[in-house]
Amino acid sequence: MSTAVSDPYDNIPAAPTDEDIGKFYDKPEADKKALLNQVFRSLKRAQDLFYHDYTQPPPMPEENDNLIRSIKRTHEYGSVIKKVEEAKKRRENEMLALPTSQPINGTGSVIASAGTPLAITDGTGKLVNQQSSSQKGKLLPLVPLGSNTKSEDNTTRSLLPSKAPMMMKPKWHAPWELYRVISGHTGWVRAVDVEPQNQWFASGGADRIIKIWDLASGQLKLSLTGHISSVRAVKVSPRHPFLFSGGEDKQVKCWDLEYNKVIRHYHGHLSAIQALAVHPSLDILVTCARDSTARVWDMRTKAQVHCFAGHTNTVADVVCQSVDPQVITASHDSTVRLWDLAAGRSMCTLTHHKKSVRALTIHPRLNMFASASPDNIKQWKLPKGEFMQNLSGHNSIINTLSTNDDGVVVSGADNGSLCFWDWRSGFCFQKVQTKPQPGSIESEAGIYASCFDKTGLRFITAEADKTIKMYKPDDSATEETHPIVWRPEIVKRKAY
C-alpha cells in the first residue's frame, strides 16, 4: 500500500496575478491596512531571522566601548604613555628655559663647568645682562649645557655638541689578593662549585675525581670516583642533598651526599659534557655538550624533558634562572640563545659576538647577564636580550665568568689572567696574572672555572696547574690607599 509523500513546497502560495492585485484594490480601506500589516510583519520576521547574526553580541553603546578601550590602553601601554607625557613636559620645560630674544653682542668670556649652566661674562667676571625691549634690566634664563635641542641663532650654545657621550664613574671596590693555594688534583681542575650552606665546595678535574674541600680550612674532606674520563662540570643543588657532575665520558651523574653514592644517571648526550646548571626553583637539570645541544632533564625520573637544538657548534656554557628566559646557552658558533622552557624552543638569538662564546654569568640581583668571548665581554638586559655595554680589555680566550652581589665581575682566561670589573660602569679596576705552582710549565697557567662563595667575599679558581686558588678582598684597603685609576676619555660608545 503506497503512501503519498507531501511536497514541502506545496504550502508556499503562488505569486499574485493581475486579477489578485485588482481584487486587492477593490477591497475596503480597513482590509487593505490589515493585509499590509500582515505583509510587514512577515517581512520583519524574515529580517529578524536571516539578517541578524545571533552569534555576535549586541552592539555596545559608544560610551561603554570608549571606556573599555581606555582601560585596555591604560593596562597595556600605561607605562609607555606615562613616559611619553613626562618626555613632553621635560621638552616644554627645556623650551621655556631658552632665551626668547637675541643676546647682546659684547666682549667677554664663557664660563661653564660640568653640571652648571652656561653664562656670558664681561672682562671683570660679572654676568652680562641680556636685555630686550620687553624685559629691561632682567637677566634672561641661562642656557643649559649640552641641551638636546639645537640652536638656530648665533649664540655660544650652537657651538656645543648636541649630545655628549656619558661615562659612568666606577664604584670603588677593594683589590683582591691571593690567600690560599690548594694542591690535591693530579690533573687539570676543570670545575668548581660552592654548596648552599657555604661550608664546603666541590671540584672536578682531568684526574676523573670529584673532591670535596672544607671552605674555611681548605682541607680535603672526601673524594668521589665514578667517571671514566675528565670531569668537566660539577653543581650542588640548592634545594636537595644532591651533587650533579658531567664529564667527557658523556655521563651525567647525580650523587646523593648523604650516602656519597651515585643514585641516578642521565643518558642522552652524544658527546662530551661541557657544562650543567640546576634550576633554582624547579626539579630540573640542564646540561650542554659538544653535540651542539642543551638537554633538560627531570631530576627525579631521569626523563629528558626537552632537547634544545639550534646551535651549530659546541654549547660551551648554560645558566638557569627562575624567570623567563629560564635557560640561556652560549656556544662556539658565536651566538647566545635565550630559551622558552615551557615551549622548548628558542626565544631569541644574540649574534653580536664575533668569536666563540665560552662563559656566561647572571647578575644575582639585576635582571641582567653577561657573556664572554675573546673579542669582548658583553652585558645584556633581560628578558629580551637588549645589549647594554661592552667590557673591553681582556684580550684572551675567556673560559669563565663570575659575579657577586657587590657588582664585581671576574673573568678568567686561558693565559692565566684574571680581570676584576665593576658591573655598572664596565671599568676594569684590577688585573691579576696567576703564577703556576712550582714544577709546572709556563703554559699551564690557564684558568678553567671559577665561582664566588655565598657571601661574595671569597673567590675560587680552578686552574691548569692542578691547583685551586682562593682570593679575598684586602681588608686594609681604602679609597685613599688604593684610589681608582680612572681616566675617562671622550670616545664614541659602540652600538654593539
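Just so it is clear, glycine is given a Cβ too, placed from its N, Cα and C backbone atoms.
Residues annotated as region 'Disordered' in TrEMBL: 1-24 (among others).
Taken from TrEMBL, the feature region 'Disordered' covers 139-158 (among others).
Same-chain neighbours of the repeat 'WD' (182-223): 229-236, 238, 243, 245, 247, 255, 260, 437, 446, 448-455, 458, 460-464, 466-470, counting only residues six or more beyond its ends whose CB sits under 8 Å from a CB of the stretch. TrEMBL lists 182-223 (among others) with the feature repeat 'WD'.
Listed by sequence, the residues of this chain that lie at least six past the ends of the repeat 'WD' (224-265) yet keep a Cβ under 8 A from its Cβ atoms are 187-188, 190-196, 202-206, 208-212, 271-278, 280, 283, 285, 287, 289, 297, 299, 302. For 224-265 (among others), the entry in TrEMBL reads repeat 'WD'.
TrEMBL lists 266-307 (among others) with the feature repeat 'WD'. Mean model confidence of the repeat 'WD' (266-307) amounts to 96 (pLDDT, 0 to 100 scale).
Residues of the same chain lying 6 or more positions beyond the ends of the repeat 'WD' (308-349) and with a Cβ under 8 Å from any Cβ of it are 274-281, 286-290, 292-296, 355-362, 367, 369, 371, 373, 380, 382-385. Residues or ranges marked as repeat 'WD' in TrEMBL: 308-349 (among others).
Residues or ranges marked as repeat 'WD' by TrEMBL: 391-431 (among others). Residues of the repeat 'WD' (391-431) grouped by DSSP class, helix first, strand second and coil last, total 0 helix, 23 strand, 18 coil.
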